[in-house]
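First comes the structure, then the notes that go with it.
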Amino acid sequence: MNNYISGATTAIITPFKNGTLDEATYANLIQRQIDNNIDAICPVGTTGESATLSHDEHKRCIEIAVEVCKGSNAKVLAGAGSNATHEAIDIAKHAEACGVDALFSVSPYYNKPSQEGLYQHYKAIASAVEVPFMLYNVPGRTGVDILPDTVKRLFDDVWNIMGIKEATGSIERTVELLAKVPDLYVFSGDDSIDFPILASGGKGITSVTANLLPDMKADLTHAALRGDFKTSKAINDELFEINKVLFCESNPIPIKAAMYIAGLIDTLEYRLPLVPPSSENMKKIENVMKKYKIVGA
């Protein structure tokens, strides 16, 4: 399999209007990413509020992403996660039928499977499709960590498992993964450490901040992948403050607020139990956007 995704990918938000998916705005957001050299769109992940979307909404988000990206250089790396394996398989099969380029799947949350359970879960989902497949490890949100030995076992045993989005916040984890699985495609899942992960051998990033600043995230990633670490680090350093502010509350609360302030979405709507930022944090977001001279701030 030689059609792996690498580079800068965006964990796209899901805009709502009057409680429903705002399809027109969603399509516009994706097109903006394409216009700013993002390599792939990642719909219906954590940032896309997948946990509170209906299955029909989840599938529609993927359909729109494929429609908008068709004919462009941008690929679709779609979310197919669930803590019920059969549901994840259903989503994955639908996404494949829509024409996505690859899939990522968050580790099962709440039910906390063992490493053997994680192995069987991912083996079942990836084996149900024939597109490249990425694990998504974010133990701070799911309560379970996909350990490197389990990643290696999956990589060795399942032909289309090609990588992992690593959101442990640990650079050492990336180093360990690549020591054990040199051909693994590791993607940074933490905006503040994109450069260190790329410099350690990572093949890409999946960014929240790219919703707002896709051009800078694309430049950071592409510089690192061509070996221009000086440029990549300089951009990573420049983005450090806004990266931190955009995680002042649970993702995607701050990034959606920032997108609203910037005029990129029409309404600031979340699905309960998520609610808008506190007034104190909203002020932080407004201030950092002014500092970065982002339109609308």
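Indices start at 1 and increase along the chain as displayed.
Including glycine, each Cβ sits where the backbone N, Cα and C put it.
Since this is a predicted model, take the numbers as computed values, not measurements.
Quick look at what Swiss-Prot annotates:
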ACT_SITE  Tyr136  active site, proton donor/acceptor
ACT_SITE  Lys165  active site, schiff-base intermediate with substrate
BINDING   Thr47, Thr206  pyruvate binding site
SITE      Thr46  site 'Part of a proton relay during catalysis'
SITE      Tyr110  site 'Part of a proton relay during catalysis'
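Secondary structure at the residue listed as 'active site, schiff-base intermediate with substrate', as computed by DSSP, is strand.
With Tyr136 (active site, proton donor/acceptor) as the anchor, the candidate recorded positions are Thr46, Thr47, Tyr110, Lys165, Thr206, and the one with the nearest CA is Lys165. Relative to Thr206 (pyruvate binding site), the recorded positions with Cα atoms inside 10 Å are Lys165, the candidates having been Thr46, Tyr110, Lys165. Ranking the recorded positions Thr46, Thr47, Thr206 by the number of CB atoms within 10 A of their own CB puts Thr206 at the top.
The DSSP secondary structure for Thr206 (pyruvate binding site) is strand. Across the structure, Lys165 (active site, schiff-base intermediate with substrate) and Tyr110 (site 'Part of a proton relay during catalysis') are spaced 19 Å apart at their Cα atoms. Look at the Cβ of each of the recorded positions Tyr110, Tyr136 and count the other Cβ atoms within 10 Å; the largest number goes with Tyr136.
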